[in-house]
Amino acid sequence: MSKRKDIQKIMVIGSGPIIIGQAAEFDYAGTQACLALKEEGYKVILVNSNPATIMTDKEIADKVYIEPLTLEFVNRIIRKERPDAILPTLGGQTGLNMAMALSKAGILDDLEIELLGTKLSAIDQAEDRDLFKQLMQELDQPIPESTIVKTVDEAVTFARDIGYPVIVRPAFTLGGTGGGICSSEEELCEITENGLKLSPVTQCLIERSIAGFKEIEYEVMRDSADNALVVCNMENFDPVGIHTGDSIVFAPTQTLSDIENQMLRDASLKIIRALKIEGGCNVQLALDPYSFKYYVIEVNPRVSRSSALASKATGYPIAKLAAKIAVGLTLDEMTNPITGTTYAMFEPALDYVVAKIPRFPFDKFEHGERQLGTQMKATGEVMAIGRNLEESLLKACRSLEIGVCHNEMTSLSNISDEELVTKVIKAQDDRLFYLSEAIRRGYSIEELESLTKIDLFFLDKLLHIVEIEQELQMHVDHLESLKKAKRYGFSDQKIAEIWQKDESDIRAMRHSHSLYPVYKMVDTCAAEFDAKTPYFYSTYELENESVQSNKESILVLGSGPIRIGQGVEFDYATVHSVKAIQKAGYEAIIMNSNPETVSTDFSVSDKLYFEPLTFEDVMNVIDLEQPKGVIVQFGGQTAINLAQSLSDAGVTILGTQVEDLDRAEDRDLFEKALKELGIPQPQGQTATNEEEALEAAKKIGFPVLVRPSYVLGGRAMEIVENKEDLREYIRTAVKASPEHPILVDSYIFGKECEVDAISDGKSVLIPGIMEHIERAGVHSGDSMAVYPPQQLSKQIQETIAEYTKRLAIGLNCIGMMNVQFVIKNEQVYVIEVNPRASRTVPFLSKVTGIPMAQIATKLILGQTLKDLGYEDGLYPQSQLVHIKAPVFSFTKLAQVDSLLGPEMKSTGEVMGSDTSLEKALYKAFEANNSHLSEFGQIVFTIADDSKAEALSLARRFKAIGYQIMATQGTAAYFAEQGLSACLVGKIGDAANDIPTLVRHGHVQAIVNTVGIKRTADKDGQMIRSSAIEQGVPLFTALDTAKAMLTVLESRCFNIEAI
C-alpha cells in the first residue's frame, strides 16, 4: 500500500518541557518524524512548548508553534490551521493525553480530523487499566491478578484478599508517577490516595506484585498491512519492581533461551496486532526465572524512551519509519536507511552488546529519597556499545560523569558490611557499585542473587571484572594482562590505579605495543550486508571499520547524559554547530554518549562515535581521525572540563583558547581581568580552608554567597548570613571540588539579567539581554527570563552591552560567551562569565531569529561577523515579548525541597510569547502547569525580611477577589497594617493546618518565603511538599508571585461602585 493522498496537512504534537520520565528522546523522535513527513511531501504543523529543542526549529516543520500544550491553545491552533490529521504518538504521554482531550472535547469530530498512528481505541485499551485487562484476557495473555479502584477503600479490600506486597499503577500517568510497591496497608492507603489524585481519570490499578521476575522489553513495529516485526529486545539488569527508566538495561536480551525469546516475541506481536497500532509500540513483560511463566506488565502505544534506546542500539530509525507508516507506507516497501539495500521489514541483528545506565540527580539533591521503585527518578541516561557485556558496562560507567572510571566507588571501601548488605537489598541509584564492592569483599554471587533476584549471569559478569582486577594486581606491567583488561572495557585510568602509575604511562605502554582500539560499525545486520552508516563504537580487536576520509575534519564534543544544570539545550547547540561545520566544507564528527538526543542520530553528522566523553576515549578518536581541531564550546561543562588535558596532549582546541577559558573560570585570574577592563564585580575573595573563608567573610561583610569554583548549575552554592552557617557549609559542601578553592562573594540582592554574546575576537554581536523576573539568589536556570527587558533603562542596557563587549574582547573569546549581571541602585556588576554556549542559546536563537550556535561555529572556523553580515553590538529588539519559564520535576523526587535558591533544580523549560508582557506571562504559566484560578484562597507564610513587600501583594490579591489566609506571624503583621487575613493552624493542627487545607482543596495558591539565607525549615518543607503533591501553585520567590498577579490583574475587569 502506498502513502495516502487524501491528507495533505498533518499536525504533530510535541512532548513539552523536559521532566523526569519524558526527556530528550521525544525531541529526537519528533524531529525525525517531522522530517520524514516533509520528505513524503506533506505539510507539517508542529506544536510544542519547549524552545530548547531542535524540533521547534523553523526548518523542521512548515509551521512551528511554540505555545502551551493545553486544550485552550492547541484548539486555537487547530482551528487556525485546519489540519487533515494529527500524529500524537511522538509527543510522549503529553501527546497521547492531548489527543484524548481533543477527542473528548469533540474537537476532532467537529473538524473531521483523523488521528494517525494509534487509534483512540488503542490508546484507551493500552492506557485505561480496565480495558487493558479485558484485552489481555481476550488474547489469552497472562497479567498479574489485579483490580481497578476509584477509592482507597476498594484498594484495601482487594489487598486483604490477595495479600501483600501489591503494586499501585495510576491510569494515564507518565514514568510511573504516583505509583509504587506497597508492603503494608498504611503504605497502600498513602500511595493510592496520591495516585488517584494524579490520574486524570481518578483510577488506579492495584495488582499482585511480581517483583523479582526478569523484566524484558520488546520494541515492535506494525504497519497497515499487518506486517509486524521486533526491532529490538532488551533485558533489565534489575528485576521487576524498579521502573525500567531507572534500570540498567542490556540489548539484546542476555539470559533468555531461544524458547523464552520466541514465546515473548510472539506475545508482543500478538498484542501490537490486536491493538491495530500503525507505528511503534513498546511491550514490557515479566518472566519467571524458574519456569516458562510470564506476565504482560504494560504496553506503551507510542514512541518512548525505550524506542530511542532501541533506535540507537540497533541503528534502526523507529520514529522516522513510524511516521511513514502512519501515512500508509508499509515495512516491505521502505528501505532501511542504514544499509540502503535491505528493507525495513528485515529485523535488526546485533553482533555487539549495548548497555544503558540511568543518570540520577542525587548529586544535586543530596537529601532526596534515593530508593528506587516503580516511580521514575532518573533525569537522563548513557549508552555504551561493546563486544562483550563487561566492555559495554564499564564504558557506560565512565560515561556517567559521576567521578568514576570503573564500576567502583572508592568511598564504599570504608562502609560496614551491614550497610553494604542493606544497600544491596534496598536498591538505590548506585546499587551497581555496592554489588561490585560486595563481590570485591568476597560475597558469593549466589548469596547476592538470593538477596537481589538479579540473574546470576549478570552477577557472574561483575565477578569476572573483579577477577581481571585481581589478575592485573598480580601481573604489573604484563602485556597480556593489559590486553585482556582492555578487551573487557577497562580504562587506562583504572589500570594505572591498580598498577600505581600515571594514566599517561599506560597510554605510552599501549602505544609502544601498538595496542589501539578499532572502531566497529553499527549496521543493523551484524555485517551480513554492506552498510553505509558512519556510526561507530570502539573495541579492542583486529579489524578497523572506520576509514579516515580525505576531507579535513572537525570533532565536536557532545554534552553527555542529561542532568540538572546540563540539559537538552547543549545538544541543541551541538547539532547547530555540526550544520555550520558541514556548510563550511569540513567533515563533521560528533562524539557523545547519550542515546536520547538528536546529536546521536547517525544522520546528523558525517561520522558519529558513540563513546564515553573521557580523555582516553576522546584521544583514541583523535589519534585515528586526526581532525583539524576540536570544538568544546557546545558540550557544556563536560566538554570544557576536557579542554585542558586535550590541549596538554597537543590537540588543537578551536575557538576560545584554554588559557582564556581558565581566566574566566579561575577566580583570581578573572578578578585581575575585570580590574584591567574596568568592570565592577561584587567584592569577593578566594579561600582554601575554613580560616581563610571566615576572614574573607569578615572583611566583605555578611550575607555572603559561597560556592566552589568550576561548577555547573550552581552545585553546592549557598547564601550564608553568619559565621556558624559558614563553618557548617565548609564542613559539608566544600568537598564538591577539593583541588579548587571556594569563592566567598558579597551577596547583592538586586535585579539579575544575562547576556549571550558571539565574538570573532574583534567585534561582538549581542543578540539580546534577558531580564530575570526573580532577583539575585535564585539560580539563573530556575528564574523566569524576559526578552526584551521590560524594566531596564536604556542607559543600563548600554552599560551591559559595553561591559559584554569589553569582556569578550578582553578574554579573547572566539565563539560563544554568556555573562550574568546583577543591578543594584543603577550600578551594574558582573557576577560570572562562561566562555561557552549556555542553556539560554536555544531560547534566544528562537526569539531573535539569530542562529547563534551556527554563527559562533563559523567564527570559530575563521570567518568574521562582518563576513556574515552582522553588526557589532546589541541586535535590534523583537516587537513581541518572550518569556522563558522553568519546569520542575518535584512530584517525582520525594524529600527534595522545592524551595528555589542558588542551586539549580529545574529539569526543563517552556516559552510564552505574545504582544504584551501579561499575555506572554499567562502563556508561560499555562505552559509550565501553574494554572491559577481567577479567585479563591491564597496562603501567605512569609519570612520577616520580606513581610512588607508581601503585604502589598496580599492587598492586590484581595482587590481581585482572593481571600487572604496566613500563618500566625504573617497574619499578625498584616493585621497591624490594616489587612485582615484568615489564620491557618500550626503544622500538626489536624483540622486547619496548611497541608490539610491543601489536601481538601481549600487552597488555590501558596506564597512561602524563607529569608535571605534561603535554607529550609521542617514546617516550611511540609507546606511546600503538600503543595507539590496536590498540584497547587507554589511561589517561593515574591517576584514570581508578582508576575502571576500581573497576569490575573490583566484578566480582571475593574468593578467599583459609583
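Placement of Cβ uses the backbone N, Cα and C atoms for every residue, glycine included.
If you look up Swiss-Prot, you'll see 1-401 marked as region 'Carboxyphosphate synthetic domain', on the strength of sequence analysis.
Counting only same-chain residues at least 6 apart in sequence, those with a Cβ under 8 Å from the Cβ of Arg208 (ATP 1 binding site) are Pro144, Glu145, Ser146, Ile162, Val166, Ile167. A strand conformation is recorded for Arg208 (ATP 1 binding site) in the three-state DSSP classification. The ATP 1 binding site annotation in Swiss-Prot covers Arg129, Arg169, Gly175, Gly176, Arg208, Ile210, Glu215, Gly241, Ile242, His243, Gln284, Glu298, and the record cites sequence analysis as its basis.
Counted within 10 Å of its Cβ, the other Cβ atoms near Glu298 (Mn(2+) 1 binding site) come to 17, all protein chains included. The Mn(2+) 1 binding site annotation in Swiss-Prot covers Gln284, Glu298.
Every protein chain shown contributes to the tally, and the Cβ of Gln284 (ATP 1 binding site) ends up with 21 other Cβ atoms within 10 Å. According to DSSP, Gln284 (ATP 1 binding site) sits within a strand segment. Sequence annotations record features per position, and here Swiss-Prot assigns Mg(2+) 1 binding site to Gln284, Glu298 based on sequence analysis.
According to Swiss-Prot, the feature Mn(2+) 2 binding site maps to Glu298, Asn300. Long-range neighbours of Asn300 (Mn(2+) 2 binding site) (same chain, six or more residues apart, CB within less than 8 Å of its CB): Ala126, Cys281, Asn282, Gln284, Ser306.
If you look up Swiss-Prot, you'll see Glu298, Asn300 marked as Mg(2+) 2 binding site, on the strength of sequence analysis. Look at Asn300 (Mn(2+) 2 binding site): DSSP puts it in a strand.
Annotation source Swiss-Prot lists domain 'ATP-grasp 2' at 671-861.
The ATP 2 binding site annotation in Swiss-Prot covers Arg707, Ser746, Ile748, Glu752, Gly777, Val778, His779, Ser780, Gln820, Glu832. Around Ile748 (ATP 2 binding site), the same-chain residues at least 6 positions away in sequence with a Cβ under 8 Å from its Cβ are Pro682, Ala776, Val822, Lys824, Tyr829.
What Swiss-Prot lists as Mg(2+) 3 binding site is Gln820, Glu832. Note on Glu832 (Mg(2+) 3 binding site): other Cβ atoms within 10 Å of its Cβ, all shown chains, come to 17.
The feature Mn(2+) 3 binding site is assigned by Swiss-Prot to Gln820, Glu832.
Positions annotated as Mn(2+) 4 binding site by Swiss-Prot: Glu832, Asn834. A simple way to gauge crowding: the CB of Asn834 (Mn(2+) 4 binding site) has 22 other CB atoms within 10 angstroms, across all the protein chains here. Look at Asn834 (Mn(2+) 4 binding site): DSSP puts it in a strand.
According to Swiss-Prot, the feature Mg(2+) 4 binding site maps to Glu832, Asn834, an assignment based on sequence analysis.
Under the heading domain 'MGS-like', Swiss-Prot lists 930-1058. Remark: secondary structure over the domain 'MGS-like' (930-1058) totals 57 helix, 21 strand, 51 coil, with classes taken from DSSP.
With a cut-off of 8 Å between CB atoms and residues at least 6 apart in sequence, the same chain places Glu752, Cys753, Glu754, Ser780, Val830, Ile831, Glu832, Val833 near Gln820 (ATP 2 binding site), listed in sequence order.
Spanning the residues Arg707, Ser746, Ile748, Glu752, Gly777, Val778, His779, Ser780, Gln820, Glu832 that the record associates with binding ATP 2, the maximal Cα-Cα distance equals 18 Å.
Cβ neighbour count for Ile242 (ATP 1 binding site) (all protein chains, 10 Å cutoff from its Cβ): 26. Rounded to a whole number, the C-alpha distance linking Gly777 (ATP 2 binding site) with Asn834 (Mn(2+) 4 binding site) is 18 angstrom. Taking the C-alpha atom of Glu215 (ATP 1 binding site) as reference, the shortest distance to any of the binding-site residues Glu298, His779, Asn834 belongs to Glu298.
On its own chain, Arg129 (ATP 1 binding site) has Ser146, Ile148, Arg169, Ala171, Gln203, Cys204, Leu205 as residues at least 6 apart in sequence with a Cβ closer than 8 Å to its own Cβ. A Cα-Cα distance of 45 Å separates Arg707 (ATP 2 binding site) from Glu298 (Mn(2+) 1 binding site).
If you take the Cα of His779 (ATP 2 binding site) and the Cα of Asn834 (Mn(2+) 4 binding site), they are about 15 angstrom apart, rounded to a whole number. According to DSSP, Gly777 (ATP 2 binding site) sits in a coil region rather than a helix or strand. Here the region 'Carboxyphosphate synthetic domain' (1-401) has a mean pLDDT of 94 out of 100.
Within 10 Å of the C-beta of Glu215 (ATP 1 binding site) we count 24 further C-beta atoms, all protein chains included.
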